[in-house]
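S.K.: Dropping the structure in here first, questions after.
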Amino acid sequence: MAGKARVHELAKELGVESKTVLAKLKEMGEFVKSASSTVEAPVARRLRNAFVNNAGSPAPAAPPAVAPPTPTPTPPRTPTPAPPPGGPRVSAKPMPPRRQGVPTPGPKPKGPVPGPPQSATPVTKPASAHDIEVAAAEARAAALKAEQEAAVKAAQAARQQQRENVRREPPTEGGPRPGPRPGPGTMPPRPGSPAAGRSGAPAPGPGPRPGGRPPARGAGNNPFGIQGGQQRPPAAGAGGPRPSPASMPPRPSPASMPPRPSPASMPSQRPGRPGGPGSGRPGSGAGRPGGGGGGGYRGGGGGGGGGGYRGGPGGGGGGGGGFRGGPGGGGGGFRSGPGGGGRPGGGGRGRGGGAAGAFGRPGGRPTRGRKSKKQRRQEFDNLSAPTMSSGAPRGQGQVVRLSRGASLSDFADKINANPGSLVQEMFNLGEMVTATQSCSDDTLLLLGEHLGFAVQIVSPEDEDRELLAQFNIDLDAEVAEDRLVSRPPVVTVMGHVDHGKTKLLDAIRKANVVAGEAGGITQHIGAYQVHVPHDGEDRAITFIDTPGHEAFTAMRARGAQVTDIVILVVAADDGVMPQTIEALNHAKAAEVPIVVAVNKIDKPEANPDKVRQQLTEYGLVAEEYGGDTMFVNVAAKPGTGIESLLEAVLLTADASLELTAPTDGPAQGVAIEAHLDKGRGAVATVLVQKGTLRAGDSIVAGGAHGRVRAMLDENGNQVAEAGPSRPVLVLGLTAVPGAGDTFLAAEDDRTVRQIAEQRQARRRAAAFANSRGRATLETLMEQLKAGEKTSLNLVLKGDVSGSVEALEDALFNLDIPEEVQLRIIHRGVGSITESDVMLASASSEAVTIIGFNVRAANKVREMADREGVEIRYYTVIYQAIEEIEAALKGLLKPEYEEVELGTAEVREVFRSSKVGNISGCIVRSGLIRRNAKARLLRDGAVVADNLTIGSLKRFKDDATEVREGFECGLTLGGYNNVQVGDVIETFEMREKARA
């Protein structure tokens, strides 16, 4: 049965792409899945016809070379002797067809006419080769079946005549001489080559064949062989003389033959053909040395294995080949490699003989042997890990400036890369980061170093400066000298807690501020301006009071940055304290002059000289000791030395500082403090540094913006404008700015709104990057385990932003064990509202609301009771810190330690069928208590542990405990391996206090 053609073979044959063939088959209504699917022969025929019709080529008639116009019939069974090789050639005369209307095939040698036919005149290739193939195939099938019987007898007669001619006549000049059969190494030319398929070229004569093949065999797999019930002609090597090459008709020229039929165009069943002398079908090459005869379809040749359809050259002697290359002398199969020289009756392989096949595949029978351990080990050693290339660009040390909290998308925009490639690079580094996620500074620096870029994290000051530059605002622009006017000095009072800073300001202002502070300590910055007569002039001095508690470090640093002169207050009785040194360092960092006020000199234990000596160690040398620092002895309560202190401040300002600022232009300054007032909304205490601030100006302070509705001084009086060094209370902001945020006035509301929005976005990104832990592959399991930790969740609300900031920093600086964690889910300024309670109740864990100097309304308290939310109020910061620290320690899991109770020696062992062995003991130390844990010791070694004193009796009475020196009887809870002389040690587990 003929093989089916595949779609890609048809596409190659038709000269088009496979998808074109698939589309055409779909139009024809045929379902074909892919280019490797097979197509039935009728479908392939219709496909070729469809392509021929589309090309507009007319169906060709039978060409002259295929069907001559005047055929001369010949008697089918009368053999005719062959003419001499040098004689003239006659045209081939085809066999008259049995059925009319079927075109006869190309030039075919007639069975009874052994003479060499004259080559037909070469014709040009028809316009459509496929129609010719189909017609030729059908004609050959009909003609072969019709001449079957005549061909058998004609072949016998032709072989007999050839043998006689070989013995009688020598070979003609130029023809091949008969000789021995060529060996496997002698490779004849391929069929169709110029040497083998040239028109009129005589075929080489065969040599003597060894024994023949069996005369009759089944049809086998050859669709063109002898069908069932028919007789196969004898093999070419069955004995007798070989035919002379001169008497053999030459094969037709390939130029005069139609193209070879494709497998798809062949009929499924075709009649067999005789393997007679030189009777190869059109398309086969000349006979091979060592034997003549054409092979069957896709088969090896007869004697000597003639090549089949696209077959390799045949080998030595043997039988004729069958379907896809038979065992005939190594005949080549369908597209096979050259066959080896088979022994008589043997054959080569269809898929290549003993030699190497196509594409370097080894010949011979394919084996499926297992690989050796050495081969497998070598392959395993040669394996390499796959590498993933992200395609991210590599830098050469270029500087990339990124803001805090920047994402990988921002980084990609700077280096013109795809954000996805940076995500893959981070994954290769072991960190899981999305393209839009805010990254920490360490993550950005790590990625930059990996890619070869020098990443610079822009500081908040530079970032804000770049933001303002987009709106043509320059805070550091130089001011012409003619615009500068003198301004009052800004003095910050700093020192340790309870050293009298606020009381000193009260004495200067002649007011009592301490009475209004909770706990007598300052909770936030206060700014005041006082007028002092000096040299007959009314001089203004702006004072800023900072907290002295250790939690307010940020406030003290902020106060030192906005000041001109620092008054360092040191109590004469306490001397230098930790916050004194911290305030001194802040002042030195700000590079501002320092005036030391030695306070509380009215106390009996005061020692001002000791203070001077201590401060000398920190670089502050008094003028009386040869230094340049002014020391003033004051007493705040009686008001001693206040005038001397103010005079020292003014002298320092005049001598060391040139205090000038422009009064015209937009106002600029800093927000010292801010809070949320219940009736007035967001209120900020600002200090004007440049320009003049007026009511109605549009200002932006940090992430808050708005229009100035009113300005109040330190006494609560409204002011129309505020110049340089003037602290005022500003109303009208949309939100509460942060303490220390710079403020500036702009021309319109649109500008300040855009500046505020961009500041808020950048701060959120930076805060998110800092609060979010680095999700690495190594710490993934640790983060999952963190969900099992006990956590204390807080909502912080305070009266001013500085106090909330200080409380938050103090809580995060607590020494918290790893078993618990502190989470602040929200912080804000103002009273406790319903939204705070709703946020706390919506959390999956318990949340406590901390109110610092703020309270909750009755409605809010009722809602908190209903939702089960705890609210705690504090007015002093260190009380809040202590209680929260105690609460964190209370969340720790208890730890237990073993405490020994006593020991008892076993004196006697009593057997009991009910309770087991009963130990009669005497208590040697401590006491023995019922249900206590026990262990059994024998010769100093532990025999049994984790035992329990089951029953305890003193004689016949039950006892709860037995003390040292008394006898008792006890059981060990079912444990019976007790011997005389053993020691029973009892203990209990007590909870250990966690630090």
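Cβ coordinates come from backbone N, Cα and C, glycine included.
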S.K.: Looking at 533-536, 545-548, 865-868, which stretch does Swiss-Prot describe as region 'G3'?
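M.R.: Result: 545-548 is the stretch Swiss-Prot calls region 'G3'.
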S.K.: If you check Swiss-Prot, which stretch out of 27-30, 579-582, 599-602, 739-742 is marked region 'G4'?
M.R.: 599-602
S.K.: Mean pLDDT across the region 'G2' (520-524), rounded to an integer, is what?
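M.R.: Taking every residue in the region 'G2' (520-524) and averaging pLDDT yields 44.
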S.K.: What kind of secondary structure is LYS501 (GTP binding site) part of, going by DSSP in three states?
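M.R.: Its secondary structure by DSSP: helix.
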